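A.B. asks: Sharing a structure with you now.
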Amino acid sequence: MGWGAPLLSRMLHGPGQAGETSPVPERQSGSENPASEDRRPLEKQCSHHLYTMGQNCQRGQAVDVEPKIRPPLTEEKIDKYLYAMRLSDEILIDILTRFKKEMKNGLSRDYNPTASVKMLPTFVRSIPDGSEKGDFIALDLGGSSFRILRVQVNHEKSQNVSMESEVYDTPENIVHGSGSQLFDHVAECLGDFMEKRKIKDKKLPVGFTFSFPCRQSKIDEAVLITWTKRFKASGVEGADVVKLLNKAIKKRGDYDANIVAVVNDTVGTMMTCGYDDQQCEVGLIIGTGTNACYMEELRHIDLVEGDEGRMCINTEWGAFGDDGSLEDIRTEFDRELDRGSLNPGKQLFEKMVSGMYMGELVRLILVKMAKESLLFEGRITPELLTRGKFTTSDVAAIETDKEGVQNAKEILTRLGVEPSHDDCVSVQHVCTIVSFRSANLVAATLGAILNRLRDNKGTPRLRTTVGVDGSLYKMHPQYSRRFHKTLRRLVPDSDVRFLLSESGSGKGAAMVTAVAYRLAEQHRQIEETLSHFRLSKQALMEVKKKLRSEMEMGLRKETNSRATVKMLPSYVRSIPDGTEHGDFLALDLGGTNFRVLLVKIRSGKKRTVEMHNKIYSIPLEIMQGTGDELFDHIVSCISDFLDYMGIKGPRMPLGFTFSFPCKQTSLDCGILITWTKGFKATDCVGHDVATLLRDAVKRREEFDLDVVAVVNDTVGTMMTCAYEEPSCEIGLIVGTGSNACYMEEMKNVEMVEGNQGQMCINMEWGAFGDNGCLDDIRTDFDKVVDEYSLNSGKQRFEKMISGMYLGEIVRNILIDFTKKGFLFRGQISEPLKTRGIFETKFLSQIESDRLALLQVRAILQQLGLNSTCDDSILVKTVCGVVSKRAAQLCGAGMAAVVEKIRENRGLDHLNVTVGVDGTLYKLHPHFSRIMHQTVKELSPKCTVSFLLSEDGSGKGAALITAVGVRLRGDPTNA
């Protein structure tokens, strides 16, 4: 079936007015045989005047052209030779969709082995940020020549890159010989280059651009998958090219080289352009070969461990179609070219679009047309029949605006075919169809990458830069314009800037090396800083041992006065036994908020605890005012609660959870040793808090209270859990502050008379280390946080593990890293200077496994910190290191406690339960798991269960009050 009379007439006489529509048939997608396809009207077809600037040989595109006389070729032949390569936007969008699917398959662990588009991870994780500096060598091997460059990068005053380079030949006998010959040649050229510049003794870092498909597991290793283009050196496929090059250099023995990074030329192009434009996240080569790379989210790359950040993916899109997915658009000429190539059946997409094959495709078409007497009056010369005689540079010359037809005549004459003017115009038409198809296909595949980037970012419109290189894109007079135009139509929701790589991919290899060097140096400094937070098992065992020693000091009468871990007797001698009964008030004071509770405890067959509570806040001026103001405020809130519950009247028993270090001389007397957690109220330290509360009640003269028990929140937590689980003999709080308590044998509690039974000891372990025994593991950041705290020099262990201080440690590390230029572009913002900005909840959110980096960035943005993807990763790392140390230290402390209980009882193995409360333990995604693991590792002879206190320490205070009432035999609530 031919093109039809309307088109033939138009070709003979030229089009009518610009903008007219001619009913021209259209090739449909998915059909195997162009000659047997259905035809549909087409809006505007290109005329024969194809060298006119601004022509657009493409379906669905209006074209304004001048009339020109066309040789009367038959409609059948024109259809067969030219029209089969014409692709509509509909087909191009279909190809875009196919390539998007191929990309997904290549990234998937399950589908990658059979995927034709390999989507190779490059281990390039960052584009240049402008702070790179140094002196580098770059090798660029992969095209028609081999380049060596010396690249000096200086960023002190302005981003400045100076380069000197030399080009070396890669003769056919070398690229088709053995691998050792090839790399000996590279090593020889490198030696020559260094000799001329007198830098043989320098051992400069080397970046190696190796423009072939390689599998990498790190940045300085590249295992060749397959040769492409004209290379076929034996013994290299399946081998690490870095090792081969190092071996060749070593064999020479006259210089040494440090190969830091191997990159694909496409990655090199992206990095070269990325130095000038940090929006550049795609690299594109359209030259001898073709390929593209782009920055992919690590969470989508199954073949690489980790899910944080991005990594450059080398698509190796030249192999698109090797699985048969492009058979419907490949022509007989594509198949013939493939059969005669060095690698039949491979790189099929590349063979349809790249400069290495374009001239050959045109030659095959011309041969067939000549054989059919459609060109050159049927003359076929030996030159025309010789592969490689018609090059892509010939195609470019023939398609130039003004001299195209004349160039065609000269080129065809060189081939001995004696062309007529009409032959030259026809050949120009063939060249245009072939090169236009190439531009369209590359636009479709690049469109798929842009769509993927847009989807990854979750933005309706993408703004990005594509770094581009390659002789076809640069030298062909019409290629880039056609390519851009098609791309705009295929992906209208992307704003793309094309940045031409002026200095090739060699500079890119140097930039990758510079970035790798910068990142390695940054990584070294970051690791050095964070290593002080990473505690070995041996260090944790030492912490456990030291705490055990401090516990013994606190329990003994003779050493208690100088002990930092005070081991305070709580006078709680029994856990609940289930017979407790009555209505009790509880007061829970331990932070900026406090609770008043009514707790109704019922015993019998069905034990129940019913609670009513109200939360009140304590303003900062009262926290740091006088003691009378603080306790008057508390009593005012109790009065409000009694009115609220309608129970003001009878004298009710009250348990007072007071979460600060107190020395108790009885259950209902607690003398405040020191304020913690930001409290500073005067005239309280050294006084009995129960008496201070009773005095405030008297001053109010509204109601009376029976203060039965003063309880630490940790003891309250233990009692709450012990009511549910009788094996609970330890209490732990890890929230704003941190503390632990446990049931100690009375014989070991020298501060209280009597040797029978047990008593709960409030350890007050927050002060562990106040005597300097933990200085070997305290970091400079711990010291800064301590120095600026309200109670400098005190509660040092607590300041390393509790929620009130972890955020401050993180903030100080971030300030240090920002000063060093590792974070936030080196800019210390006002929010970062603000103490207390990093609350525990932010640490918990940032470390959540479920959060993608975009969400981490959003959290940082809420805090006024504008972060890049890399910033977010580092912030998350810092949070993780600080919270892990906290969990491990907490675990080491708990291991000391459970071991003491086991030894007290002379058991080979102890089963015990810990009642736990506190926001850090409850809300942090990893804290509890790490702490449990640490306890298990450090106390293997103990099986420790952890029970979360659901009702807080207020319920515990009521239970202790109930136990106290029961033990004193009070008839009102017996």
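Here, residue 1 is simply the first one shown, and the rest follow in order.
Placed from the backbone N, Cα and C atoms, the Cβ positions cover glycine too.
I grabbed these lines from Swiss-Prot:
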- Arg86, Asp140, Leu141, Gly142, Gly143, Ser144, Ser145, Arg481, Arg482: ATP 1 binding site (BINDING)
- Asp140, Leu141, Gly142, Gly143, Ser144, Ser145, Phe146, Arg147, Asp265, Thr288, Asp469, Gly470, Ser471, Ser505: D-glucose 6-phosphate 1 binding site (BINDING)
- Ser211, Thr228, Lys229, Asn264, Asp265, Asn291, Glu316, Gln347, Leu348, Phe349, Glu350: D-glucose 1 binding site (BINDING)
- Asp588, Leu589, Gly590, Gly591, Thr592, Asp713, Thr736, Asp917, Gly918, Thr919, Ser953: D-glucose 6-phosphate 2 binding site (BINDING)
- 588-593, Thr736, 803-804, 840-844, 919-923: ATP 2 binding site (BINDING)
- Ser659, Phe660, Thr676, Lys677, Asn712, Asp713, Ser738, Asn739, Glu764, Glu798: D-glucose 2 binding site (BINDING)
- 520-962: domain 'Hexokinase 2' (DOMAIN)
- Ser393: phosphoserine (MOD_RES)
- 577-711: region 'Hexokinase small subdomain 2' (REGION)
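I'd like these features described in context: how deep, what's nearby, how far apart.
C.D. replies: Cβ-based neighbour count (10 Å, all protein chains) for Arg86 (ATP 1 binding site) stands at 20.
In the three-state DSSP scheme, Asp265 (D-glucose 6-phosphate 1 binding site) falls into the helix class.
Neighbour density for Ser211 (D-glucose 1 binding site): within 10 A of its CB lie 25 other CB atoms from the protein chains shown.
Spatially close to Gly591 (ATP 2 binding site) yet at least six residues away along the chain are Ser659, Lys677, Gly735, Thr736, judged by Cβ distances under 8 angstroms. In the three-state DSSP classification, Gly591 (ATP 2 binding site) falls within coil.
For Thr592 (D-glucose 6-phosphate 2 binding site), the count of additional Cβ atoms within 10 Å of its Cβ stands at 13 [all protein chains shown].
A simple way to gauge crowding: the CB of Ser659 (D-glucose 2 binding site) has 25 other CB atoms within 10 angstroms, across all the protein chains here.
Over all protein chains present, the Cβ of Ser393 (phosphoserine) has 16 other Cβ atoms lying within 10 Å.
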A.B. asks: If one measures from the C-alpha of Glu764 (D-glucose 2 binding site) to the C-alpha of Asp469 (D-glucose 6-phosphate 1 binding site), what distance in angstrom results, rounded to a whole number?
C.D. replies: 67
A.B. asks: Ser393 (phosphoserine) to Ser471 (D-glucose 6-phosphate 1 binding site): how many Å between their Cα atoms?
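C.D. replies: Spelling it out, the Cα of Ser393 (phosphoserine) and the Cα of Ser471 (D-glucose 6-phosphate 1 binding site) are 9 Å apart.
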A.B. asks: For a quick check of understanding: given the listed D-glucose 2-binding residues Ser659, Phe660, Thr676, Lys677, Asn712, Asp713, Ser738, Asn739, Glu764, Glu798, what is the maximum Cα-Cα distance in angstrom, as an integer?
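C.D. replies: That value is 16 Å for the farthest Cα pair.
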A.B. asks: When you measure from the Cβ of Thr840 (ATP 2 binding site), how many other Cβ atoms are you left with inside 10 Å?
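C.D. replies: The answer is 22.
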A.B. asks: Neighbourhood of the D-glucose 2 site (Ser659, Phe660, Thr676, Lys677, Asn712, Asp713, Ser738, Asn739, Glu764, Glu798): other residues with Cβ within 8 Å of the Cβ centroid, in order?
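C.D. replies: Near the D-glucose 2 site, beyond Ser659, Phe660, Thr676, Lys677, Asn712, Asp713, Ser738, Asn739, Glu764, Glu798, sit Gly590, Pro661, Thr714, Ile733, Gly737, Gly766.
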A.B. asks: Given the binding-site residues Leu348, Ser471, Asp588, Gly918, which lie close to Ser738 (D-glucose 2 binding site), meaning Cα to Cα within 10 A?
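C.D. replies: So far as Cα distances go, the binding-site residues lying within 10 Å of Ser738 (D-glucose 2 binding site) are Gly918.
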A.B. asks: Would you please pick out, from the binding-site residues Leu920, Leu923, the one with the fewest other Cβ atoms within 10 Å of its Cβ?
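C.D. replies: The binding-site residues Leu920, Leu923 were compared, and Leu923 has the fewest Cβ atoms within 10 Å.
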A.B. asks: Cβ atoms within 10 Å, counted per site: which of Ser145, Ser471, Thr676, Ser738 has the most, among these binding-site residues?
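C.D. replies: The residue with the most neighbouring Cβ atoms within 10 Å is Ser738.
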A.B. asks: Could you tell me the maximum Cα-Cα distance in Å between the residues recorded as binding D-glucose 1, namely Ser211, Thr228, Lys229, Asn264, Asp265, Asn291, Glu316, Gln347, Leu348, Phe349, Glu350, rounded to a whole number?
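C.D. replies: Pairwise Cα check on Ser211, Thr228, Lys229, Asn264, Asp265, Asn291, Glu316, Gln347, Leu348, Phe349, Glu350 gives a maximum of 20 Å.
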A.B. asks: Return only the integer: C-alpha distance in Å from Lys229 (D-glucose 1 binding site) to Asp588 (D-glucose 6-phosphate 2 binding site).
C.D. replies: 77
